[in-house]
Structures are given as C-alpha cells and as structure tokens.
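What follows is one structure encoded as structure tokens, with my remarks underneath.
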C-alpha cells in the first residue's frame, strides 16, 4: 500500500454497535444465544467476553494501536456514526476536507428515510432511484436489559477515553 494512503473509519457508540451487530445476526440466525449470554463470561462478576467479535470490534483504541504502526494519525479520519445519521452533509464535508477535495456533497444530496430511520442519497441524473443502505440496515434493535447496557458502558469507558485522547476527538458515548 502507498504510504500516502488515507483511511476513513466510521465509529459509533460501541454498545449500540454491539447491539446492532447482534440484531443483524439474530435476523439471519434466530437460534443464537441471548445478547447478554454472548456479551459476558460472567455477568455477576462483570466479566465481559472480549472473544465475541461484536464486543471486540468496539474496542477501537486496541485496533487503532495496530493501525498506527503503519499509518500516522494524520492519515486517518474518524467519522462519527451518530453524526453521519443526524448531519450527513456535515460529516461528508469533513471527509471531503480530509481528502483535500472540493466540497460537492451537501445537504441537498440527502433526505431522511423515516422507514429506515436514517438519511439516504437523493436520486441523481444518472439514476432513477434514491440510494439507501440495504434491507439488512435500519431495523429496530432488540430490547436489552438497561443493566446490561450500563455494564457494557462501564466496560467500554476506559477504552473510549483512551480512544478520545489518542484521536483528539470526544465522541461523547455516555
């Protein structure tokens, strides 16, 4: 790979990301264990199971440490998954700035799809249809016990803080 390669990484609240991952997997394999069962080695002791991919992926700073062996931080741009939903043009503006290209993607290119619950691209001259993420995206997440969510927030907190410090950006995942 070129040493000038720029990376764009979309990150979101790791607890929400894990629940979303589980929801998507559950839609394909309805007989999998519960979210709680997969998330913890021992819930009463608060031992989170980091061998489960849905949990491990959200430990962003661990992955970032590996990437930084090959790419300087200045060549990595982090997109807030939450802001990509609430302000897609703003996030895309930051991406365009990071890439050093003219800002051509603006608010006028998006509409909010109420069915999916997130923004989609409006149709272009070359396409008769708007572009939206596929059928597997935008489904309602399964309900998770609030205590489980709180335990996972506690688990991720030190990883999130270290990630914020490393990238110089606070994503406010509390």
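For all residues, glycine too, the Cβ spot is worked out from N, Cα and C.
Predicted automatically and left uncurated, TrEMBL annotations should be read as such.
Database features, via TrEMBL:
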type     : residues                        : note
BINDING  : 12, 20, 137, 138, 139, 140, 141 : 3'-phosphoadenylyl sulfate binding site
DISULFID : 120-132                         : disulfide bond
DOMAIN   : 2-157                           : domain 'Sulfotransferase'
Whole-number Å value for how far residue 132 (disulfide bond) lies from residue 141 (3'-phosphoadenylyl sulfate binding site) (Cα to Cα): 19
Rounded Cα-Cα span from residue 120 (disulfide bond) to residue 12 (3'-phosphoadenylyl sulfate binding site), Å: 18
Between residue 20 (3'-phosphoadenylyl sulfate binding site) and residue 132 (disulfide bond), the C-alpha gap once rounded to whole angstrom: 18
Other CB atoms within 10 A, centred on residue 120 (disulfide bond): 18
Entry from the binding-site residues list 12, 141 having the most other CB atoms no farther than 10 A: 12
Per-region confidence, the domain 'Sulfotransferase' (2-157) (mean pLDDT, whole number): 91
Alpha-carbon spacing, residue 132 (disulfide bond) to residue 140 (3'-phosphoadenylyl sulfate binding site), which is rounded to whole Å: 16
Whole-number Å value for how far residue 120 (disulfide bond) lies from residue 140 (3'-phosphoadenylyl sulfate binding site) (Cα to Cα): 17
Recorded positions: 20, 132, 140 - member with fewest neighbouring CB atoms within 10 Å: 140
